[in-house]
Ligand SMILES: Cc1cc2nc3c(=O)[nH]c(=O)nc-3n(C[C@H](O)[C@H](O)[C@H](O)COP(=O)(O)O)c2cc1C
């Protein structure tokens, strides 16, 4: 029987062809290049291109990470939403330094963003929350995200109760729902090459100005 080691070894990675990336012809600002790359990902039908890893630091200084959905991008930053009472919400309250990582395997592209989060205002949170589906809103109203679930039935009962509440109160907003903006200090664009001659471009914010540097692969 094939060992797991062999199965892993036989798994292919970075199989092209990949789109071109000319490091000398790029926009001045990283969010503009991100939007260009996002369009390329959409064009190639990359699965869930808006799924990203959010890395945080816990109270003891240890890293933590999970996948979240990107909600928006503009010249001010990258946006996501969650409960500020979740594990990540508490970590962000204590330490607002984060990293976001995107990987679009079909086009061999990785984007790494390092920065700090800011909480958005109540109106933004409300608008985002009310755009979510009924079940997603009901799950939020249960609260308790990341705390221990002893019995599956506890969740089923809580969900039934909150579904009823959401249906009766369609404009009600879960108060802990929070939209966060990641204000970037560094954004790196990584383009895979089938022959492993990968190309990397780092944008760094220095005294309010974005600087670009090519990196060794
Ligand atoms: C594809 C995908 C998208 C997700 N999107 C979100 C999201 O937008 N917001 C969220 O709070 N959790 C989202 N989750 C769940 C998180 O990964 C995580 O399990 C949850 O937020 C609890 O994280 P925490 O314990 O670090 O607070 C998503 C998970 C996956 C796999």
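Note: Cβ is positioned from N, Cα and C throughout, glycine not excepted.
Keep in mind that TrEMBL annotations are predicted by a computer and have not been checked by a curator.
Per TrEMBL, FMN is bound by 66, 67, 68, 69, 70, 71, 87, 88, 110, 145, 146, 200; the candidate from 190, 210 named for the same site is 190. For the domain 'Pyridoxine 5'-phosphate oxidase dimerisation C-terminal' (177-217), the residues of the chain that approach it from at least six positions outside its boundaries are 14-19, 21, 23, 26, 28-31, 33-34, 37, 71, 76-84, 89, 92, 98, 100, 108-120, 124-125, 128-129, 140, judged by C-beta separation under 8 angstroms. Look at the binding-site residues 68, 70 and count other Cβ atoms within 10 Å of each Cβ; 68 has the fewest. Proximity to ligand 1 at the level of Cβ atoms, with a cut-off under 6 angstroms, picks out 87, 146 from the binding-site residues 87, 146, 200. Using a 10 Å radius centred on the Cβ of residue 200 (FMN binding site) and all shown protein chains, the other Cβ atoms total 17.
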